[in-house]
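Swiss-Prot has this to say about the protein:
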- G11, I12, D13, G14, A15, G16, K17, S18: ATP binding site (BINDING)
Amino acid sequence: MTTGKFITFEGIDGAGKSTHLSFVAELLCERKKTVVVTREPGGTSLGEELREILLHEKMHLETEALLMFAARREHIAQVIAPALERGDWVISDRFTDATFAYQGGGRKLDRAKLNALEQWVHPHLQPHLTLLFDVPLDVARARLDATRTLDKFEQEKAEFFAATRAEYLRRAAEFPQRFHVIDSTRSIAAIQEQLRAIVAGIDS
């Protein structure tokens, strides 16, 4: 039985989610929660090694999905599940919704295969709250171009990101009980006001 809460941050590259992750962590700390901040792919020593491979090496789309879930299984076993059992609040920069969006939407991998992997790797674990930061593709691209050297996903064409974004929004419609879609074109102050209200709701 888990006693902590599991929050995930999602969105296409350039959506601005990482800007607000630390803000939510700080809000929870103010509420006297013990917070574990982590990311996918990654979160463990093995996961971080797989992250480097996944972000920079070309591979078959099924290999990519399998490695994502391999890193996730280790992440759950070593970080997420123990933290929740302790009563901690876990905030993860991406989780399984990202695999459905990027590998399912962007790469066109059969959704049934992803469903099977999800049921194998974490049949009883879902986020309590998923914050989906949504922006138009041109805004996301402009933000990416202004930042840093891009990884292989960030270098994908507009069609890839359109399909990835569409799958994210489909997931949000499928699981409205845990998703909040955040309009990430607004000011940081406006977004943080919304996040403050959402956090208050989940911690009520």
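Please read every residue number as a count from 1 along the shown chain.
Any Cβ shown, glycine's included, is placed from N, Cα and C.
Compared over the binding-site residues G11, I12, D13, K17, S18, the count of CB atoms lying within 10 A of a residue's CB peaks at I12. Secondary structure from DSSP puts K17 (ATP binding site) in a helix.
Those residues of the chain, other than G11, I12, D13, G14, A15, G16, K17, S18, with a C-beta within 8 angstroms of the mean position of the ATP site C-beta atoms are F133, V135, A140, R143, S184. According to DSSP, G11 (ATP binding site) sits in a coil region rather than a helix or strand. Cβ neighbour count within 10 Å across all protein chains ranks G14 highest among the binding-site residues G14, G16.
Sequence-distant contacts of A15 (ATP binding site), defined by Cβ-Cβ distance under 8 angstroms and a gap of at least six in the same chain, are F133, D134, V135, A140, S184.
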